Amino acid sequence: MATANFGKIQIGIYVEIKRSDGRIHQAMVTSLNEDNESVTVEWIENGDTKGKEIDLESIFSLNPDLVPDEEIEPSPETPPPPASSAKVNKIVKNRRTVASIKNDPPPRDNRVVGSARARPSQFPEQSSSAQQNGSVSDISPVQAAKKEFGPPSRRKSNCVKEVEKLQEKREKRRLQQQELREKRAQDVDATNPNYEIMCMIRDFRGSLDYRPLTTADPIDEHRICVCVRKRPLNKKETQMKDLDVITIPSKDVVMVHEPKQKVDLTRYLENQTFRFDYAFDDSAPNEMVYRFTARPLVETIFERGMATCFAYGQTGSGKTHTMGGDFSGKNQDCSKGIYALAARDVFLMLKKPNYKKLELQVYATFFEIYSGKVFDLLNRKTKLRVLEDGKQQVQVVGLQEREVKCVEDVLKLIDIGNSCRTSGQTSANAHSSRSHAVFQIILRRKGKLHGKFSLIDLAGNERGADTSSADRQTRLEGAEINKSLLALKECIRALGRNKPHTPFRASKLTQVLRDSFIGENSRTCMIATISPGMASCENTLNTLRYANRVKEFGISPSDIPFSQGSGSRPDLSPSYEYDDFSPSVTRVKELTVDPTAAGDVRPIMHHPPNQIDDLETQWGVGSSPQRDDLKLLCEQNEEEVSPQLFTFHEAVSQMVEMEEQVVEDHRAVFQESIRWLEDEKALLEMTEEVDYDVDSYATQLEAILEQKIDILTELRDKVKSFRAALQEEEQASKQINPKRPRAL
């Protein structure tokens, strides 16, 4: 086989090649293939090295300057050309002769004339000469090469090459965008109105490097531990085609993809990032949540401490599931809740030698706080009174403590309490817990308190969304829930900062848990449960902001685990928008009262004279510790509590205090009425005697009637004032402004 003539082609030089899609670009020659007269070339495209095999004819057609030199000279086997051919060849070698034959003016540049003018005149002359001689094949080798490979082209300048590169990149980018649009069109779910948001969230998650919390991670010691738990989408949300807008990329980071819309109706995502001590995704079981949250607190109560663990979140976000146990339909498996898991570890700790010698006894209580009132769930929901003794210790009068010997006893008490807990229907849940349930495990040594573990399942944290136009009872539920949650937050903040005063009297919940917020050996854990659905996005953000206020964390871009290939943020197409991650997104401003802004705060705390002020004067309760703590609470949360909302809370607190006094006075009058009946019965029996003392009868009857009139008149006046307070509460509820948007 004859050896292929590669001309000026050498390994390592760059040649122009033509791709199958018509693109022309440079590539480096890597090998010369003599067996099939081809060359192998390679080039770099999108960071990848690509190559192909191209025949010599294609190479020479695009690179005529690489044509072999011997093809230009006449071959020895070729017979001498006729005269006409020789004349043509002579013209080719001496271009000026051609110009003089045509009698054209002498050109200034022979190359330009020869290439632009002489060449077109040669081929018709050659064609006519060949026809006259009767031979078409008698063509010079130079003309044969030109006919085969076309006229030689000039070398491209760097500017032209750069323009061609830009054009190539533009075409490539358009091709990629077209492929992306076609791919999106295939993925479009016409039945889902939020498929754009779904694609944005999916693409964003693809840029993250997931490092979720595992059981192998260490457990850190915290005096105040704040964690977040995400539940999976439920059946109702799945049927409604709701989207999961919560992402937990690492063990302490929670991201909320909040859908937004511009003025031009373009939809985009606003990503808000929060950091906590722990973050549990929707695959974490109750046992794992308990391991990092409540389990470290069990040892605290054996060391004469007070421990508190509470679940906080929107209705239906999984609070009762976390604290009470797994649900199977309407049935609850109490053995898998934090209540039972904590009790199990308590009994295991009792068997340890260093605690066994203490001879500790375990007791349990279970009560609920509903609309500011306390009810014993283990004693047929008996209403209880919360009082302070002379040592300023809070006592829940009448609360039953039941001794428990094993975990089974605890499970029975939990079943009894859950069966009679107050619930109601809200927009988020058909069976919603509307009360705070408090389950306490108490250790006593020889009758004296040794330690207490309070496990609280809080009511839903909806800020009046379901109570704006409801009846009084539901309205009071929402008011008490919101007030108690604000008070709980401030009490925990005071515990973490060792503040001298804790506003625990602002609500019944914090008043009952007072001993858990005071003392150096007090520890608290908060489990914020969140719903993943897009429909619950606002309530989810409220929950996360509340948790962030309890224990303020900072967040930086380095805390977000982006994958290595994506850099600090993913590549975004023009239809995507993501906010930069900055600490200002999630750092919630600490609310303190600025002394220089007292004029701004004064209208919130002082109101024009109204019926409440008149009632304060009459009842003498205007400066009670409860109302002082309520004022302090509202001052510390002035951005969340508007003047109208404070007036409403003030009216509700006043009404609740008056209600308790009216009921207490009514009970006292009833007991006194029994004594009056006995006295009146004795007087009537005296009149049946023949010679009874009429003066004594009249005197005693008059005394009884005067006493009755005085007591009943006082009770009637209080009832009238109580009715006025009810009207004042109703008027205040109508003046509450909608919740102001939070500026981050």
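Cβ coordinates are placed from backbone N, Cα and C, and glycine is handled just like the others.
Every protein chain considered, the tally of other Cβ atoms within 10 Å of the Cβ of LYS319 (ATP binding site) stands at 27. Summarising the annotation, Swiss-Prot assigns ATP binding site to GLY313, GLN314, THR315, GLY316, SER317, GLY318, LYS319, THR320.
Feature annotation from Swiss-Prot assigns coiled coil to 154-187 (among others); the stated evidence is sequence analysis.
For 698-737 (among others), the entry in Swiss-Prot reads coiled coil.
Look at Swiss-Prot and you will find 123-140 tagged as compositional bias 'Polar residues'.
In terms of DSSP secondary structure, the compositional bias 'Basic and acidic residues' (159-186) contains 28 helix, 0 strand, 0 coil. The compositional bias 'Basic and acidic residues' annotation in Swiss-Prot covers 159-186.
The annotation domain 'Kinesin motor' is assigned in Swiss-Prot to 223-553.
Residues or ranges marked as phosphoserine by Swiss-Prot on the basis of similarity to another entry: SER75 (among others).
Residues or ranges marked as phosphoserine by Swiss-Prot: SER100 (among others).
The N6-acetyllysine annotation in Swiss-Prot covers LYS102 and rests on similarity to another entry.
The phosphoserine feature in Swiss-Prot is assigned to SER135 (among others).
If you look up Swiss-Prot, you'll see SER140 (among others) marked as phosphoserine, on the strength of similarity to another entry.
Here Swiss-Prot flags 66-186 as region 'Disordered'.
Cβ neighbours within 10 Å of GLN314 (ATP binding site), excluding its own Cβ and spanning all shown chains: 25. DSSP gives GLY313 (ATP binding site) a strand state. For the recorded site, THR320 (ATP binding site), the DSSP three-state label reads helix.
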